[in-house]
Amino acid sequence: MRRRIDWIDIAKALGIIAVVIGHAAPVHGTFFKVLYWWHMPLFFVMAGFFLKPVAKKDYLNFLKEKLLPLYLQYLFVGFVLTLINAVMEQMSVNNFLQAIGDLFYGGTLLNGTLSAFWYMTVYLLAVAAAVAIISFIKTGWQQWLLVIIIFVIGVTYKNAQAVFGFPLPGDADVALCALLYTYVGYRGFRLLKRRISNRPLLIGVATLASGLIIAQQQGIFDFKFYLKSHTITEKWLTIAVPLVFCLLIFMFAYWLQYTPALHLFLLIGRHTLTIMYAHKLVFAILEQIHIPELFTISSPSTVSPRYHGRYCVFYFSPF
C-alpha cells in the first residue's frame, strides 16, 4: 500500500473543514465566497496526484475495480442517510421513493442531508475522463489542449438547466470544469513536491492570495465559484484563482506538519470521506434539537470514524 503523505492528509483536513464551515456559514460575504474559490478545486487537484495511465485493454477494468466500488458506496451511504432522514422527518413513502430516485440521478437534485453527495459523481467522472486522456492521448500538448477546451466549454454557459431544460445526472457538466483541476494535479504533483517547502514562493503566493481577497472585498471584481449549481462569475479567474489558493493550502499544510497540531489534522484528514457524507446529517440532527448551525463547525462529525468500505483505499480515495 502507498505510504501516506502527511501534508496531503493535512490539506484534506483543511479542505473538509472549509467545506463544513461553508455549509454552516450564515452569511455569504467575502469569507464565504473565498472558501468556495478553492475548497472543492482542492479535492479535484488532489484526485490527480496519484493517477497513472492504463493500457487501453485495461481501462474498463480500471472503471470496474477502482471507480465502481466508490459509486456503490455512494449509493449505500446515500440510502442509509435517506432512510434516517425519512424517519426524522416522518417522510411519506412516495417522498422516500422520490428521494431514492434523486440519489440515483444525483447532482443538483440532492439537497438536505445529501447536498454534498454531488461531489462523488463529479469526482468519478473527472477521474474517469482524466485517466482516459492520459492513457489514450500520448502527446502532452494534445492532452493539455483537450483539457483546456473542455474546461472552456464547461464555464461558458449558465448551467445545464438553462441549456438542456433539465439538470444533467450526477452534475456531469460540472465534471467539465473538475477535469482541468484533476489534470493539473496529475501533471503538477512532482513539481509541487520539489517546491512545496520553498519559503520565498510561499510568501509570494500568500501575497498574491491576499491581494485577490482584498480585490474581492473592495469590489474590484465579484468572483463567485459555486460548482454544484454552476454559478460562475468572472470566468477569466476560474483557472488562476482556484489554483493559487490550492497551492497556498498545500504549502501551508506542508509547514503545519511540523506543528503540535499535526495529529489533529491527520485525524481529520484521514476521515474526510465520512465527514463529507455525514456532516449535513449532523446539521439536521442539531436543527431538530434547536442548536444553531453556526456551532456545527465544531460538531462531532469532524472526528467521526471513517466508513470502512472494502474499496475505500488511499490510492483512489476521493477525499
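Cβ atoms here come from the backbone N, Cα and C positions, even for glycine.
These figures come from a predicted structure and were not determined experimentally.
Listed features, source TrEMBL:
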DOMAIN    5-289  domain 'Acyltransferase 3'
TRANSMEM  7-25  transmembrane segment
TRANSMEM  37-55  transmembrane segment
TRANSMEM  67-88  transmembrane segment
TRANSMEM  116-137  transmembrane segment
TRANSMEM  144-166  transmembrane segment
TRANSMEM  172-189  transmembrane segment
TRANSMEM  201-221  transmembrane segment
TRANSMEM  236-256  transmembrane segment
Give residue numbers and ranges for long-range contacts of the transmembrane segment (172-189): same chain, 6 or more residues beyond its ends, CB-CB under 8 A. 40-41, 44-51, 107, 118, 121-123, 125-127, 129-130, 133-134, 143-144, 147-148, 150-151, 153-155, 159-160, 227-228, 230, 238-239, 242-243, 246
Long-range neighbours of the transmembrane segment (201-221), counting only residues six or more past its ends (CB under 8 A): 30, 33-34, 195, 234, 237, 241, 244-245, 247-248, 251-252, 255
Can you name the far-off residues of the same chain, 6+ from the ends of the transmembrane segment (37-55), with a Cβ under 8 Å from a Cβ of it? 2, 8, 11-12, 14-15, 18-19, 22, 61-62, 119, 122-123, 126-127, 130-131, 134-135, 178, 181-189, 223, 225, 227, 241-243, 245-246, 249, 315-316, 318-319
Do any residues of this chain, six or more beyond the ends of the transmembrane segment (236-256), have a C-beta under 8 angstroms from a C-beta of it, and if so which? 7-8, 10-11, 13-15, 34, 37-38, 41-42, 45, 151, 155, 177, 180-181, 184, 192, 196-198, 201-202, 205-206, 208-209, 212, 221, 223, 225, 262, 265
